[in-house]
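Data first, discussion second: the structure below is written as structure tokens.
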Amino acid sequence: MHTRYDLPLIGATLFLLSWGTVMIYSTGGVYADLQYDDGQYFLYRHLMHILAGLVVLGIALYVNYHKWQQFSIWLMLVMLILLILVLIPEVGHEVKGGRRWLRIGSLSLQPAELLKIVLIIYVASYLERKQELLAFFFRGLTPNFIVTGIYLFLVLLQPDFGTVILLATTVLLMLYVGGGSPIQIATSLLGVGVIAGFLIASHTYRVRRMLSFLNPWDDPQNSGFQIIQSFIALGTGGWLGKGLGESLQKRLFLPDAHTDFIFAIIGEELGFLWICVLIILFSVFIWRGYWIAWNAQDTFGKHLAFGATTILSLQIVINLFVVIGLLPTKGLPLPFISYGGTSLVVTMFLTGLLLNISGRIDPTDEKPANGFSSRTNVPSNE
């Protein structure tokens, strides 16, 4: 076993964690002082989340990642129970119209976040076990679609539309690189788009979000308010920003300034040049994640690393696109940067998996054993 963990990935992770801590200190003070009478409330809790994240990263790093494959079915069963429990009014905790949290004492747990880990492990295991059937829609792809669909339906009931889109896209991309027929995957992706359109049209608040995305100034005091305030934050930051801690938009003008829209405050306080630095750090993380996936020494490791990198990459892109107005509001935090305990712990666990896989790559042979070439080993249709 080789234990040369990926240093660029470690470096990017540490820089992003540090950046997130500084920005939560800067962005959360006003709201924390108003809500909890303690301006450092979010900072203290974030430091606790980092500690918990480092613990789970250590677990993901220490435990051979093949162990997770052995328990993938049991993990899925536990997730099924948690996703059902969160929907029960007496058990699930509701915030802003969404029943997404389980309260355990003073701690809050978001099962949909944990599903990111478990579903990636399950799909990676499925791809490794059913590799020869992946080009066949009914025998290869359909069983996975059914299982995934059940879990995504439970998440949709919370409702958490953004996480459903994130998970569905990740699973489809994993199936594609695992050897699924491009036509069948593209058709499935189109089907997801049609279903998403129907779900948007069937709920008034989602229609309002879509309309405010197309033209937020049509309703500047309601559905368009948040994105307009985000534009103001980004636009007033200029090249070098107003200075750390000097944001005006975080003073209760921009909702979720320390969570989903923290990127806008980074732009306001630090400016465009530092935004570019942040994007470079994210790019390094993504590059190393896919490098690890390509060079992993076994099929399960390849798909596990690909899934972990893809879901974090998509979440980063979606969050940034929402903040700059290229996508409707989705409610997805920015990995490593946004405040949120379960999200940070999940991100750290996925990072630990990537480092675990990287530690088993033979440094003398950076060529993958078979890459993601399983599609060439099976027929293209039944």
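Placement of Cβ uses the backbone N, Cα and C atoms for every residue, glycine included.
On a predicted model such as this, the values are computed, not experimentally measured, just so you know.
For 12-34, 46-65, 71-89, 101-127, 133-154, 161-177, 183-202, 261-291, 303-324, 336-357, the entry in TrEMBL reads transmembrane segment.
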Contact between the transmembrane segment (303-324) and the transmembrane segment (183-202) (3 or more Cβ pairs under 8 Å, separation 6+): no
Spatial neighbours of the transmembrane segment (71-89) far in sequence, C-beta under 8 Å, 6+ residues away: 99-102, 109, 111-112, 114-115, 118-119, 121-122, 125, 147, 150-151, 154-155, 157-158
Same-chain residues at least 6 beyond the ends of the transmembrane segment (183-202) whose Cβ lies under 8 Å from its Cβ atoms: 137, 141, 145, 156, 161, 165, 168-169, 172, 175-176, 210
Chain residues outside the transmembrane segment (12-34) and at least six past its termini with a C-beta under 8 angstroms from it: 40-43, 46-47, 50, 244-245, 247, 250-252, 257-258, 262, 265-266, 269, 278, 281-282, 284-285, 288, 335-339, 351
For the transmembrane segment (101-127), sequence-distant contacts whose Cβ falls under 8 Å of one of its Cβ atoms, 6 or more beyond its ends: 68-69, 72-73, 75-76, 78-79, 82-83, 85-86, 91-95, 134, 144, 147-148, 151, 155, 158, 160, 163, 166-167, 170-171, 174-175, 178-179, 299-300, 303-304, 306-308, 311, 341-343, 345-346, 349-350, 374
Cβ-Cβ under 8 Å with the transmembrane segment (336-357): same-chain residues at least 6 beyond its ends: 5-6, 9-10, 13, 16-17, 19-20, 23-24, 28, 42, 45-46, 48-50, 52-54, 56-61, 63-65, 68, 107-110, 113-114, 116-117, 120, 258-260, 262-263, 266, 278, 288-289, 292-293, 296, 301, 304-305, 308-309, 311-312, 319
